[in-house]
Amino acid sequence: MAEAIEKVADKVADLVVDDKPAAVPESTSDHEDGDDNDDAVNEGEAVDGEKKKKKKKNKKKKKKGPAVQTEPPTVPIDRFFTSGIFPEGEICEHPHKTFKPKGTAVDPFADSEDEREAAEERAKDDAKHGSDDPLDFNRLRTTNEEKRYLDREQAAVHNEWRKGAEIHRVVRKYARDNIKAGMTMTSIAEMIEDSVRALSNEEDSLKGGQGFPTGVSLNHCAAHYTPNAGDKIVLKEDDVLKVDFGVHVNGKIIDSAFTHVQNDKWQGLLDAVKAATETGIREAGIDVRLGDIGEAIQETMESHEVEVDGKVYQVKSIRNLNGHNIAPYEIHGGKSVPIVKSADMTKMEEGETFAIETFGSTGRGYVVTDGECSHYAKNVGVGHVPLRVNKAKQLLATIDKNFGTLPFCRRYLDRLGEEKYLLALKNLVQSGVVQDYPPLVDQKGCQTAQYEHTIYLRPTCKEILSRGDDY
């Protein structure tokens, strides 16, 4: 009974507690005088302040629209690719190399002893690696997982090439649309170079910018002409202008060129050279011999004739000009791609980058140096050379800081504030530290044209980095 009574008493006590009014929570104010009005006012102000702050935060910021390029191009290319990923060039398969069966006969109709010897070596090499069943080795590159892995490992390198190529496409589109008769060579070159610098947006010229001086070679001058200070040459209506400029990103140089005409007078020459360049690109690939590419280029080039003012001209490959491989900070990496038939059995290799360029001429098809020099480059691998002329030492320091082994021209030195440097520059050339590259010309009165693309031999494919909608 006692336990039952205690339970009833506990329930009654609980009911009494529940009937009491709810306790007022203690003030959290710092005031100890119990001034509730002040607290209410302060709380009201705080609430109002919070509302105001919330209103400010809730204001929607205007979304920035997509970046728009200016004319001339001045907006850095990175603003158009905020992910940092740049578009691929044109992707092609490597040429399908089918080895000859063992015992393949040597061509008995080779034109010279050198060519016969080269053919014999080629036959021996093919016989060594060949089999009774033709096998397309390069086709396997696109399905070999190891090659795909190697390709992915180089993604960052590919992206730097592609950034330079994108800058090149934007700048050359503007140049092609705006080069007009009456412009000076200086204004054309600077229009291109200013845009390259703006789109690269690099304070350090060794991290990105101009890959080499802009070539603006006219008519019978095929290459290596850019204006020096005071140049007054003006583009005329019937001129044939070769525009050759480069863009580099961390030493990876995109080298691409086109030929500009104001009318159709020499269009047949341009068509021949463009077709020859496309042949070179098509034939290029891993394990392809450079001499074979040259032979194919020459065959395409010299299948064309041009009729101008009632006279027919045979288009010729300029036999002492070549394409070349490109190494980091080195426009000519050591391998040459001939544009005529050659006994050169050197092969293209995986991972190499090449500038496939062809030059056609209505003249001799052979160039010599002539005229005032403007192009220079520090020789690769040159060691310490004792220089006695202080000005030469100072000039070399400027070259090292701003160009390294990238080509430069006298206008670039002028732009850096160098003065009275010609004797010092001559001293560097004579000392073997710097190489000069004078203009290259065919016979006067003829016309020359050029087209060029940069290609990269990836493990799985061939990428035409500089390909665009224009060429």
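Placed from the backbone N, Cα and C atoms, the Cβ positions cover glycine too.
When the candidates Glu71, Glu452 are compared with the divalent metal cation 1 site entry in Swiss-Prot, which names Asp244, Asp255, the shared residue is Glu452. The divalent metal cation 2 site recorded in Swiss-Prot comprises Asp255, His324, Glu452 together with one of Glu357, Glu418, Glu419, namely Glu357. Nearest Cα neighbour of His324 (divalent metal cation 2 binding site) among the listed binding-site residues (His224, Asp244, Asp255, His332): His332. When secondary structure is read from DSSP and collapsed to three states, His224 (substrate binding site) falls in the coil class. Comparing Cα positions, Glu357 (divalent metal cation 2 binding site) lies closest to Glu452 out of the binding-site residues His224, Asp244, His332, Glu452. A gap of 13 Å separates the Cα atoms of Asp255 (divalent metal cation 1 binding site) and His224 (substrate binding site). For Glu452 (divalent metal cation 1 binding site), the Cβ neighbour count at a 10 Å cut-off comes to 24, with all displayed protein chains included. Asp244 (divalent metal cation 1 binding site) sits 9 Å from His224 (substrate binding site), taking the C-alpha atoms as the reference points.
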